[in-house]
Amino acid sequence: MNSPNRGEESPKEEPDRDKDAAEESESKRLLPSQSPSLSSDDENEVAFESREKVVIVDLETPESILNVDYVPPFSWKKLWLFTGPGFLMSIAFLDPGNLEGDLQAGAIAGYSLLWLLMWATVMGLLIQLLSARVGVATGRHLAELCREEYPTWARLVLWFMAELALIGADIQEVIGSAIAIQILSNGALPLWAGVLITASDCFVFLFLENYGVRKLEAVFAVLIATMALAFAWMFGDTKPNGKELLIGILVPRLGSKTIRQAVGVVGCVIMPHNVFLHSALVQSRDIDPKKRGRVQEALNYYTIESSVALLVSFMINLFVTTVFAKGFYGTKQANNIGLVNAGQYLEEKYGGGLFPILYIWGIGLLAAGQSSTITGTYAGQFIMGGFLNLRLKKWLRALITRSFAIVPTIVVALVFNTSEASLDILNEWLNVLQSIQIPFALIPLLTLVSKEHVMGVFRIGPTLENLISRGSYGMFCSKCYLYSSVSSLLSFCHQW
């Protein structure tokens with residue numbers, strides 16, 4: 001007799017298999033869905049491909065394997081591996097718009113706004129840590145989460161506002177680089193030529209990115225070091241008053257004549273596009289979101305790294321503000337000084353020495369402009385890709401996002417090329433524009449980072465949420481209802 005076919009199953013086994021399949025299907029349905037960054041790359045836009053991420057080398061122990069909540073002990077080697085995203089993020093605190101706000105605050109308000117600069121940096125650090133928390137804990141960046149959590153019309157409004165803020169920031173950054181090129185070429189290259197040279201930075205960015213994330217981060221470290229050295233040199237040459245500097249940091253003062261400079265200081269320190277950028281940059285490290293201990297470890301290292309990065313940025317901003325406070329506060333030039341003519345005024349007052357201060361200023365300004373335009377291109381890719389879920393080749397996406405900002409910048413350069421005063425006023429009002437745009441990035445961040453279904457155990461509590469919300473309200477939108485109006489609107493959209 002022939003033995004039964006092994007492919008055949010008894011009638012009793014078939015219901016059991018159907019039951020098991022049904023239970024498996026149901027269990028998959030009830031499990032929380034994985035983040036898009038972990039799913040197929042063909043379906044969702046991701047900040048970094050798996051092959052692009054930095055692998056955090058670690059020695060697995062029995063405890064770390066069995067316990068998902070286990071947080072490995074501190075390691076200097078790991079801190080070095082996590083170092084990078086925070087310094088790229090800090091570039092937005094050092095762009096030419098910041099330098100414009102710093103020098104005008106120093107020249108017009110003296111040392112009196114240093115306290116505001118310090119607390120704006122502290123508030124900026126808290127906001128950026130929340131942005132990093134979103135990126136690490138969810139495996140998605142803020143623009144992606146906004147796409148999923150808000151209705152289409154609200155998502156498009158948020159995307160438009162983010163692009164508007166990015167364009168405003170990029171105009172300042174490209175113009176700043178063009179001014180620096182003009183200074184260092186002794187006026188041989190006009191402003192529009194500097195704009196075209198700076199516009200090519202997206203190709204430099206793509207070239208550097210091909211060599212890996214760590215190489216790109218190393219280039220930015222060199223640019224930040226260049227800025228720090230240049231402006232520290234200026235600080236040493238001018239020898240600002242130490243006592244007045246300390247009083248300016250510790251004693252809050254705000255006069256009616258310095259309101260615009262105060263708003264500009266806050267607007268240029270905290271950049272809306274930077275909130276989206278940091279949540280994507282932290283995903284350049286390979287972290288398993290299923291292991292809560294590993295997520296907490298990454299957050300601990302990113303907290304240290306971001307704090308150090310923003311301390312460096314605060315010191316650089318402090319150097320610039322105090323140099324111009326010492327040299328021009330209370331003088332006739334105070335109301336006329338701006339990014340375009342600042343180098344000339346510095347040369348007239350402090351020229352000579354081992355190395356002319358005009359060129360020191362130009363080198364620092366060029367480093368600030370070039371680094372910030374590249375990170376702006378980076379941020380533009382994440383914002384556009386996240387909100388619109390675009391699956392484009394990197395060179396094409398960089399070209400599109402660069403064109404969004406470079407076309408208005410060329411127009412500005414041609415229109416304002418012959419009017420230094422008008423260009424400086426434009427830069428000042430662009431800083432104010434950044435202040436107005438802050439709620440459109442901050443409110444979605446605070447809303448999403450406090451939601452348990454988004455963040456799980458890493459959501460923030462109501463105390464921290466209220467602290468940041470109230471602090472932001474008081475600093476950004478005192479004497480106006482914009483912040484509360486945007487907050488109410490976006491909260492309604494999220495619930496709806």
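Please read every residue number as a count from 1 along the shown chain.
Yeah, the Cβs are placed from backbone N, Cα and C, and that goes for glycine too.
What TrEMBL lists as region 'Disordered' is 1-46. Residues or ranges marked as compositional bias 'Basic and acidic residues' by TrEMBL: 1-29. According to TrEMBL, the feature compositional bias 'Low complexity' maps to 30-39. As annotated by TrEMBL, transmembrane segment applies to 114-136, 156-183, 189-207, 219-236, 308-329, 350-368, 399-417, 429-449.
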What parts of the chain pack near the transmembrane segment (114-136), using Cβ distances under 8 Å and only residues at least 6 beyond its ends?
47, 85-86, 89, 93, 102, 105, 142, 145, 245, 248-254, 262, 265-266, 269-270, 274-276, 278-283, 287, 289, 295, 298-299, 302-303, 306-307, 310, 313-314, 317-318, 321-322, 442, 445-446, 448-449, 455, 458, 460, 468, 471-472, 475
Counting only residues 6 or more past its boundaries, what in the same chain has a CB within less than 8 Å of a CB in the transmembrane segment (219-236)?
87-88, 90-91, 94, 208, 312, 315-316, 319-320, 322-323, 346, 350, 355, 357, 360-361, 363-364, 367-368, 370-371, 374-375
Same chain, outside the transmembrane segment (350-368) by at least 6, Cβ under 8 Å from its Cβ: which residues?
94-96, 98-99, 173, 176-177, 179-181, 183-184, 223-224, 226-227, 230-231, 233-234, 237-238, 327, 339, 342-344
